[in-house]
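Single-structure report; data block below.
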Amino acid sequence: MFNENPIKRRPSTRIYVGNVPIGDGAPIAVQSMTNTRTTDVAATVAQIRALENVGADIVRVSVPTMDAAEAFRQIKQQVKVPLVADIHFDYRIALKVAEYGVDCLRINPGNIGNEERIRAVVDCARDKNIPIRIGVNGGSLEKDLMDKYKEPTPEALLESAMRHVDILDRLNFDQFKVSVKASDVFLAVESYRLLAKQIKQPLHLGITEAGGARAGAVKSAVGLGMLLAEGIGDTLRISLAADPVEEVKVGFDILKSLRIRSRGINFIACPSCSRQEFDVISTVNELERRLEDVTTAMDVSIIGCVVNGPGEALVSHLGLAGGHKKSGYYDDGIRQKERFDNDNLVDALEAKIRAKASLMANRIPVQEGDAD
């Protein structure tokens with residue numbers, strides 16, 4: 001395929017969040033965050049499991065109080081995905097969740113107290129092999145930086161991040177990743193570009209408070225797409241005012257569109273016009289709903305007529321080109337004799353897609369030099 005792998009990743013160090021490798025060429029991890037009350041253990045566990053089901057690699061949980069820390073202990077015991085504890089101000093909460101098996105601490109060392117408290121948290125993280133995420137946000141910059149720069153700027157976010165990085169450097173702790181998020185696309189992008197030149201640690205990408213499901217997805221795709229295309233980024237979160245499950249789906253869609261990492265089916269579908277021989281939109285929507293559980297990476301083209309249908313099918317694992325009453329079917333770009341009745345497309349396509357996905361998932365790669 002044209003330009004199969006055009007992106008050269010920024011070199012970075014390697015850390016582990018639980019069993020998930022981050023940086024140094026590891027697959028870019030997709031993260032989300034719960035929006036339940038952490039003290040509601042049942043609701044939080046249910047949401048984390050829903051995120052696990054759609055492929056979330058890491059889930060962040062806010063832990064604002066000691067009661068939440070005790071709830072975190074119960075939550076951690078009931079889920080498989082690595083958990084990041086989001087903590088501000090009270091260093092004792094960080095120490096407590098470390099006891100309970102947290103996989104990563106999201107803290108800013110400079111806002112959890114004096115040097116003794118910072119050292120206590122860092123020493124605990126070191127002893128238990130827990131990485132730290134430094135999280136700088138354009139909406140919560142330090143007062144002196146706002147006085148200096150008058151408003152959030154890339155330089156202000158960079159300076160804030162480097163303050164926290166310097167603290168960890170002085171304590172000889174290098175197992176961390178950093179984010180410099182902002183709600184403005186250009187502010188976030190330039191901040192990450194500056195930071196990428198300053199440190200070797202992994203970077204966690206995000207456009208913070210991006211908005212609702214539609215606008216937030218677009219804003220995140222634009223901002224993160226710019227950075228990812230430049231090779232910047234090792235983990236990401238799509239921040240939406242929506243169900244966190246949608247954050248994970250959008251995250252994978254962005255990675256999929258850049259051919260960085262694929263999970264599940266990439267539907268190539270026409271917007272439809274008067275040439276369509278079947279209802280493309282309802283067909284695609286129903287297939288997406290039915291096939292959410294398929295994790296095999298594959299391209300499926302569904303085109304409503306023969307103008308572009310055969311061409312798209314040529315570069316898809318499976319393809320459909322609309323025809324009068326019956327539509328043409330392609331497998332690995334090859335036209336099949338079998339044709340599908342336009343009144344029964346969804347059932348027929350679902351069966352073919354599931355069979356193809358199973359075949360691809362179980363395919364044994366041929367080693368170079370193997371005989372036929």
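For all residues, glycine too, the Cβ spot is worked out from N, Cα and C.
The shown structure was predicted, so the numbers you read here are calculated from the model rather than taken from an experiment.
What Swiss-Prot lists as [4Fe-4S] cluster binding site is Cys270, Cys273, Cys305, Glu312.
A map of Swiss-Prot features onto the structure.
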{"residue": "Cys270", "record": "[4Fe-4S] cluster binding site", "DSSP (3 states)": "coil"}
{"residue": "Cys305", "record": "[4Fe-4S] cluster binding site", "DSSP (3 states)": "coil"}
{"residue": "Glu312", "record": "[4Fe-4S] cluster binding site", "DSSP (3 states)": "helix"}
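Look at the binding-site residues Cys270, Cys273, Cys305 and count other Cβ atoms within 10 Å of each Cβ; Cys273 has the fewest.
For Glu312 ([4Fe-4S] cluster binding site), other Cβ atoms within 10 Å of its Cβ number 21.
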